[in-house]
Each structure stands twice: as structure tokens, then as C-alpha cells.
């Protein structure tokens, strides 16, 4: 029998060999099937119509002949055989595609992938469109027009951010104005109120420049007619005596909720205390409040030690040393975080404050001493080069500054101790001068 004609039976086909042997042993009648004698079995005749049954019978008869020695057994050929494969089943594959309406919505499309046996890759895959990239601001980069709109909008947003970005100004640098309707000819324009021309400002339709000199002069005359002190500085200097010099606000502030501890309070920004001219509410920008808070924080105990440390540092400083320390109120920036309850103002002797002794005469005398040391260093004959003269001059000036500061601290401490020991019946009113 040709091995190439062997057909494997399906899973549902079966062949019961026990019935054949039982009939053969009992001497049942044989019938001729395809030129061969096989036991007669009605059940086997019903199975002959099924695919693969006749081949199975032929194979069984051949095995019987081999056992009886009628047919010689030959080696099995290892050539290929025909195999019945079950028909391919349709495979469903889910592909994700974004919805056309909203960028965040999604749809699922089911595609039947058939004809698996004919495709080399076993799958008839249709080209699926990739999800489109969703651009910011809801713009899709589908074509050139949308890309152009997106670029224009991005540039516009960048320009707005750059324009509204907070700028940092150097100390002493004037802030630009932002006038839009006053033409910078009103007193609420900082440039016009300070008697300066607008420069590098953000104002619109500006007339505060040399091109509109006639209109600017007319606006100045009108302002002076209404208020002769219109262009005077807001922070003025009043002299009540020979040594009583105070800096105060000309009109006073009108703060209500900040406690006069914010930079939009003109008194606080100018480093001057509020006075009776101010109409503020809940004011805490006073010397009494400053000293009370400083004592509660424990700074009054180490006040003298800190000043003496500054004196020693300035006396031993050299040009190679870094920038020296500056004595400041370490808790000055924490006023906003450590607000005390509002208390009635208590009158104190101004002679207890350190700024009381920093008069113009003391500053002038200390300056003259340092200038004399500088001249002496420049006229020093042993020093040959200019660099050595400058280095020596800096050393002598710093040493003289430390000596003057130490002398002022010593005298101030002695006078303060005398005030604590001696009772004072007449205490002058609180002074508003600062250093």
C-alpha cells in the first residue's frame, strides 16, 4: 500500500478493533471488500462511508497478513504525508483609535482578520492609523495652517509672560511708571512727581519728555498753584533744635490693615517711624514697638557684644579679607510674622536709643580721623609702589574706623548706665529720628 495515500482520521472518527477479532474467532462469515476478505459486520459497513475508514481497514488487514507471514514487512517511508488541518477560525483584534470629537475620547474598532492560511504572515493585517498627537491649547498639528496658528499663539503667550514678569531693580534704581491716561503729567506718576523725565517706562502717550516741554512746564505750574509743596520729597527733615534732627513723612500714611509693616507703607519703605501726621490704624511702625519686640527676642542683652565684635572685626580686617559683617536687626524681616498685640504707646527717653548719639558732629569727626589716616598712608615714604600705598591706606582707614566705633560704643554704654541709675522726672516725648 502506498504510504502517501494514508489519511489521518478526524477526532470524531473511531474504529473499534475488538469487534473484528471477536467475529473472526467465532468463525463469522467473511465478505470481500476491495479484493480482500474481511469479517462481515454491519456496524463496520456503516462506518465505511466515513472518511478514513477504508484506509484503517486496509491497514488492519495488512497487519494480519504480516502476522501470518504472507506479506513481508517493509520499512516505513519517511516521506511527507497529507494531513487534514481544521479550517481557520476568524480572529478578532481590537485596535485603539482616538475619537474625532474630543481629544480625550476613544473608540474601539473590531476588525475580522481572515484568510490566515493564504497570508505569509498568518494575518491579513490592514494598515491602522496611528493615534494623532494632541497638541497643547487644543490645536492639532494636522496641516500647515493649524501649525501656523499654534506658533502665533505660542509667541503671543511668551510675549505676555515676558511683559508681566516681575523685574528686579538694583538699589537706588528708579522703577518705571505704567501710566495710561494721565500722559505722565499728574502727581501720581512717580517720574513726574520726582521731577524726572520718563525713561524706559511702560507708559502710553507719554508727555513727560523733552519733546513736550511746554505742556510739561504748564502742568508743573498748575500743580504748584494748587500745592506749593507738591514736588518736595515726601520724606523731609525737620529741625527742632541743635541736635534734634528727625526724618518724617510730610503728609503721613493711611494704612489700615498692614500695621504699617509692608513696603506699600511709605513710612516703612523709607525706614522712618510713623508720626502724628499719619492716619493709619493699628500702627506698629514705631520705635517703642521696635525696642519692645527686640527686648522680648533677647537681642538687647547681646547688643553691646555684637557691636564690640564688629569693632574687633573692623580693626583686624585686611584688603584680602572678604566683605565684613554689617550690624543689622536680625529680626527685622520677621516683623510680619511676629506681630504683637496692639498696646498703648509708652513714652520713653530717646537717650536710651543708639541713634540718639549718632549726630552729624560725631559722624564728621570720625570721617576726618579716617581721612587723616588715608593722607598719612599715601605720604608714607618707606612704601615705594602704588599698590603697596593703597593696601597700607586701606589698613589704616579700617583700623581708625574700628577705633572710632569702639569709642562711640563705650561712651554710649556709660551714658545709658547713668540714665538707668539716675531717676528722671521729666522724660521728653518720643523722638522719631532714625539712623
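Cβ atoms are placed via backbone N, Cα and C, with glycine included.
Taken from Swiss-Prot, the feature region 'Disordered' applies to 73-136 (among others).
Only residues 6 or more beyond the boundaries of the region 'DNA-binding' (175-188), in the same chain, are considered here, and those with a CB under 8 A from a CB of the stretch are 169, 198, 200-208, 215-216, 219, 223, 230. The region 'DNA-binding' feature in Swiss-Prot is assigned to 175-188 (among others).
The Cβ neighbour count for residue 177 (Zn(2+) 2 binding site), using a 10 Å radius and every protein chain shown, is 21. Per Swiss-Prot, the feature Zn(2+) 2 binding site maps to 177, 191, 198, 201; the stated evidence is similarity to another entry.
Sequence annotations record features per position, and here Swiss-Prot assigns Zn(2+) 3 binding site to 184, 198, 203, 206. According to DSSP, residue 198 (Zn(2+) 2 binding site) sits in a coil region rather than a helix or strand.
Within the model, the region 'Linker' (235-250) carries an average pLDDT of 55. Annotated region 'Linker' per Swiss-Prot: 235-250, in sequence order.
What Swiss-Prot lists as region 'DNA-binding' is 253-266 (among others), and the listing cites similarity to another entry. Taken residue by residue, the region 'DNA-binding' (253-266) breaks down under DSSP into 1 helix, 0 strand, 13 coil.
Cβ contacts within 10 Å of residue 267 (Zn(2+) 5 binding site), excluding its own Cβ and spanning all protein chains shown: 26. As annotated by Swiss-Prot, Zn(2+) 5 binding site applies to 253, 267, 274, 278.
The annotation Zn(2+) 6 binding site is assigned in Swiss-Prot to 260, 274, 280, 283.
Marked as region 'Disordered' by Swiss-Prot: 415-435 (among others).
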Of 184, 253, 267, i.e. the binding-site residues, those within 10 Å of residue 198 (Zn(2+) 2 binding site) when Cα atoms are compared: 184
C-beta crowding around residue 203 (Zn(2+) 3 binding site), within 10 angstroms: 19
C-alpha spacing of residue 177 (Zn(2+) 2 binding site) relative to residue 278 (Zn(2+) 5 binding site), in angstrom: 26
177, 203, 206, 260, 280, 283 screened against residue 274 (Zn(2+) 5 binding site), Cα within 10 Å - retained binding-site residues: 260, 280, 283
Entries of 184, 201, 203, 253 which, being binding-site residues, have CA atoms within 10 angstroms of residue 280 (Zn(2+) 6 binding site): 253
Within 10 angstroms of residue 253 (Zn(2+) 5 binding site), Cα basis - binding-site residues out of 177, 191, 201, 203: none
In sequence order, the binding-site residues (203, 260, 267, 283) whose C-alpha falls within 10 A of residue 177 (Zn(2+) 2 binding site): 203
